[in-house]
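A single structure is presented below for examination.
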Amino acid sequence: MASAAVGNYEEEIVRPVADFSPSLWGDHFLSFSIDNQVAEKYAQEIEPLKEQTRSMLLATGRKLADTLNLIDTIERLGISYYFEKEIDEILDHIYNQNSNCNDFCTSALQFRLLRQHGFNISPQIFSKFQDENGKFRESLASDVLGLLNLYEASHVRTHADDILEDALAFSTIHLESAAPHLKSPLREQVTHALEQCLHKGVPRVETRFFISSIYEKEQSKNNVLLRFAKLDFNLLQMLHKQELAEVSRWWKDLDFVTTLPYARDRVVECYFWALGVYFEPQYSQARVMLVKTISMISIVDDTFDAYGTVKELEAYTDAIQRWDINEIDRLPHYMKISYKAILDLYKDYEKELSSAEKSHIVCHAIERMKEVVGHYNVESTWFIEGYMPPVSEYLSNALATTTYYYLATTSYLGMKSATEQDFEWLSKNPKILEASVIICRVIDDTATYEVEKSRGQIATGIECCMRDYGISTKKAMAKFQKMAETAWKDINEGLLRPTPVSTEFLTLILNLARIVEVTYIHNLDGYTHPEKVLKPHIINLLVDSIKI
């Protein structure tokens, strides 16, 4: 606890100030500018490599296994965004031809790729690899690549895919047993997959790992694809670093580190979050808008969680609902700073989008922010009053405070293809969005439980679950893990065709769930304490380029 005088208040106010660590990055990203000569050189070299890759994709007379492996390699190398139409047409043909084979490894890869692209291929493709008791044949245990593909395929399962529950257990136990005895780079690939499956990984993180740690070391690598991937990664990294420099200057100008020292200084980690939602160059404007939004809502979150008093937070909540700069005089000085910054930010968004005659869509994000703040206030009231709600009441409020309804809506703002219908669909909290939100909530709650408990927070998801069901901490955490697994099945179902909106928009919701899985891996809070979890990823994506 700490005492502080706020605004014109003469009395001392006791505040539950959290002791957050400072930024790991200082001014490291502040002054980057693209070397246009190098960027131009990379771009020119990419063009013929791109056409050679397209020719590989469109070549005819190839075996099914070779086609699937080529697509998988292109996707893992992070260059598939150039060939979305071609890849979709090839997979559509494979799906409609009911292309089938008796090869274990190829069947598993076919299943995963088709499911990830929205084709509802039947899990019965695996029945031929089972014995008379419906168990996977033990003879498959010697096919490590097949096991790896089966393991990766098991993570795209839906509620109807019971066979894939067995596939996950079977592949996991045999891969864990085989891993120590494998040669490089297969050993590294298996070890990495067991810690972070491909489907739930952040695409850029997985790409960097695959290029540097796996594909470069493979004897059968295609040097055209490898060079293309390296050049493209480095070229995109220049754009990403330029965006981060722009955002870092914006953040430094706001000077929240000085004026709001109680809050987490995590603008670089916020950029990583936005980069996880979309990395492609066409989303540059959307990415910058999203990272600013995440940074701002993080300040608001810490204001409610770690600083504000009941009276102040009620006034702040009311001011946000009214969304009027004239409300600012009702607030203590420190709240005026963030309130003005929020309103200014959304005015900037409206200006940015006015050239495309889309400034009117900003209202969707504003309404979502009002919703989040209202729920933050409920949460802070529970904390201050020492109220522990039933788990159902807790979740109805806590799902909104993940900010994921809000961030999903904001992530659409800068997308040129977003229509009013897309925002309307999103506003109804479709099942796939609800699932992404649930994943965020239960994984966050599990990772932050001990810290929140030590701060005297009793209305945590785990505590509410323990009390409602009369179970231990371990069992409550297992129950939350089961909720996350169920939600992943909902996401996977939501990606299957026909879909109510384009795959482009569904992928953003999928990526939001992926970021949570990565940020809170091993029950660590990688956002609040980025040293162990996010720092290595940030260095790989935004500091170190790939040696060409």
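From the backbone N, Cα and C atoms, a Cβ is placed for every residue, glycine too.
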Of 216-220, 301-305, 451-455, 471-475, which span is tagged motif 'DDXXD motif' by Swiss-Prot?
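Range annotated as motif 'DDXXD motif' by Swiss-Prot: 301-305.
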Do any residues of this chain, six or more beyond the ends of the motif 'DDXXD motif' (301-305), have a C-beta under 8 angstroms from a C-beta of it, and if so which?
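Apart from its flanks, the motif 'DDXXD motif' (301-305) reaches 18, 20, 260, 262-264, 313, 316, 335, 338, 373, 376-377, 379-380, 401, 403.
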Per DSSP, how many helix, strand and coil residues does the motif 'DDXXD motif' (301-305) have?
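Helix, strand, coil within the motif 'DDXXD motif' (301-305): 5 helix, 0 strand, 0 coil.
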Below 8 Å Cβ to Cβ and six or more residues apart, same chain only. Which residues does that give for D301 (Mg(2+) 1 binding site)?
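Sequence-distant Cβ neighbours: Y376, T401, T403.
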Given the binding-site residues D444, T448, E452, which one's Cα is the least distant from that of D305 (Mg(2+) 1 binding site)?
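Closest by Cα distance to D305 (Mg(2+) 1 binding site) among the binding-site residues D444, T448, E452: E452.
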When you measure from the Cβ of T448 (Mg(2+) 3 binding site), how many other Cβ atoms are you left with inside 10 Å?
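Around T448 (Mg(2+) 3 binding site), other Cβ atoms within 10 Å: 21.
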